Amino acid sequence: SVGFKAGVKEYKLTYYTPXXXAKDTDILAAFXVTPQPGVPPEEAGXXVAAESSTGTWTTVWTDGLTSLDRXKGXCYHIEPVIGEKDQYICYVAYPLDLFEEGSVTNMFTSIVGNVFGFKALRALRLEDLRIPVAYVKTFQGPPHGIQVERDKLNKYGRPLLGCTIKPKLGLSAKNYGRAVYECLRGGLDFTKDDENVNSQPFMRWRDRFLFCAEALYKAQAETGEIKGHYLNATAGTCEEMIKRAVFARELGVPIVMHDYLTGGFTANTSLAHYCRDNGLLLHIHRAMHAVIDRQKNHGMHFRVLRKALRLSGGDHIHSGTVVGKLEGEREITLGFVDLLRDDFIEKDRSRGIYFTQDWVSLPGVIPVASGGIHVWHMPALTEIFGDDSVLQFGGGTLGHPWGNAPGAVANRVALEACVQARNEGRDLAREGNAIIREASKWSPELAAACEVWKEIKFEFAAMDTLD
């Protein structure tokens with residue numbers, strides 16, 4: 001018979017290759033696969049490899065016109081998930097030829113574009129990706145990175161402080177600018193547009209940019225420190241987004257902001273390129289991430305979105321807090337914080353890292369801890385996130401009983417006290433509360449903040465636990 005045999009054949013015959021070893025240039029993926037009852041794991045794993053690379057549901061004549069073995073994804077290892085019935089980690093290797101250079105959009109379209117609706121699987125979650133050096137080098141990555149940001153801001157040896165301006169919707173541009181000024185004047189490094197502040201009827205973007213720039217320069221003149229406000233450039237079209245970034249550059253502000261998941265990777269990469277060319281820092285908000293990453297058995301883990309952002313480009317990204325109101329289990333959070341900041345990260349399953357990742361010369365991204373945190377959390381945050389981080393207190397600044405500026409003062413005093421205590425060799429984890437109490441003796445603003453928030457805790461079990 002001729003080589004071509006029509007009909008449906010099992011995926012595992014072609015796409016399950018337990019003997020093969022992955023190449024250094026392959027993109028590797030770890031999927032948590034939950035097959036439908038009766039579907040063997042080898043078939044499910046091979047189905048994922050096939051549907052996310054060269055396969056389709058039946059043998060096609062045109063397969064003969066190419067070398068499938070050269071271009072197909074292959075499932076090279078399967079292991080059961082400990083403690084879960086009928087769940088497996090399937091490791092898939094994709095040849096580099098399958099992907100367009102420098103395109104996160106294409107990488108995701110290939111790897112997660114189609115296969116998640118596949119009928120033979122009850123659920124599917126992409127847990128981790130290993131991006132090979134050969135592919136990493138096709139991306140610009142973050143516009144500036146951690147060291148360049150510190151040099152631009154002239155701030156060293158401590159975490160940076162931020163604050164999201166609230167109420168997030170409804171303020172006029174002038175009142176918004178006033179809140180920005182008060183926070184920066186009180187001692188914060190950054191203030192932030194909320195992710196859904198774009199250009200609404202009650203406050204158009206240009207007015208907001210102007211009033212925020214004015215607030216920034218006034219606070220800079222009075223404090224002698226460089227200040228920033230994350231001007232949200234996210235818009236309905238790429239052209240409009242770039243127009244807003246251009247205006248921010250003309251105002252001479254240091255940083256703009258983008259919602260990278262709702263805005264999309266193509267828009268984000270364009271903005272990152274613009275930011276590097278024009279000396280703007282880029283703050284990234286992860287709005288919509290929980291739609292993708294919150295379910296334990298389906299979707300995509302945040303560490304994958306994290307790696308994608310480092311390729312696409314951003315200087316800051318929100319990372320959960322470990323201690324506030326939004327999720328983040330400590331070891332897992334620290335695992336992906338390292339993936340953001342370090343050049344080389346070893347495989348470590350206890351922190352959810354499935355592959356060793358080498359970022360070579362791609363700049364790092366600063367993790368932003370934000371959501372339900374206040375002065376009492378400061379020692380823990382300083383201890384967990386270290387110096388290369390932004391600690392963002394929205395309500396924890398603006399909720400101060402005396403107003404915004406005293407709220408900012410309280411946070412800055414608490415931070416400086418924690419950094420000093422750490423540098424003196426004290427144990428922040430154990431002595432944290434004592435350090436804050438001591439500092440509040442000579443800062444009435446901090447004392448008032450300690451009064452208001454002494455009892456608040458958001459105690460729920462984290463959804464994202466290690467198996």
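In case you wondered, yes, glycine gets a Cβ from its N, Cα and C as well.
The annotation in Swiss-Prot ties Asn114, Thr164, Lys168, His318, Ser370 to substrate, and of the candidates under consideration, Arg204, Arg286, Arg294, Arg341, the one tied to the same site is Arg286. Neighbours of Asn114 (substrate binding site), defined as other CB atoms within 10 A of its CB across all chains, total 12.
Within 8 Å of the Cβ centroid of the Mg(2+) site, not counting the listed residues Lys192, Asp194, Glu195, the chain contributes Thr164, Ile165, Lys168, Asp193, Asn196, Val197, Tyr230, Asn232, Met257, His285. Residue pair Thr164 (substrate binding site) / Glu195 (Mg(2+) binding site) shows a Cα separation of 9 Å. Each of the binding-site residues Lys192, His318 was assessed for Cβ neighbours inside 10 Å, and the highest tally belongs to Lys192. With respect to Cβ neighbours within 10 Å, the binding-site residues Asp194, Glu195 differ, and Asp194 shows the lowest count.
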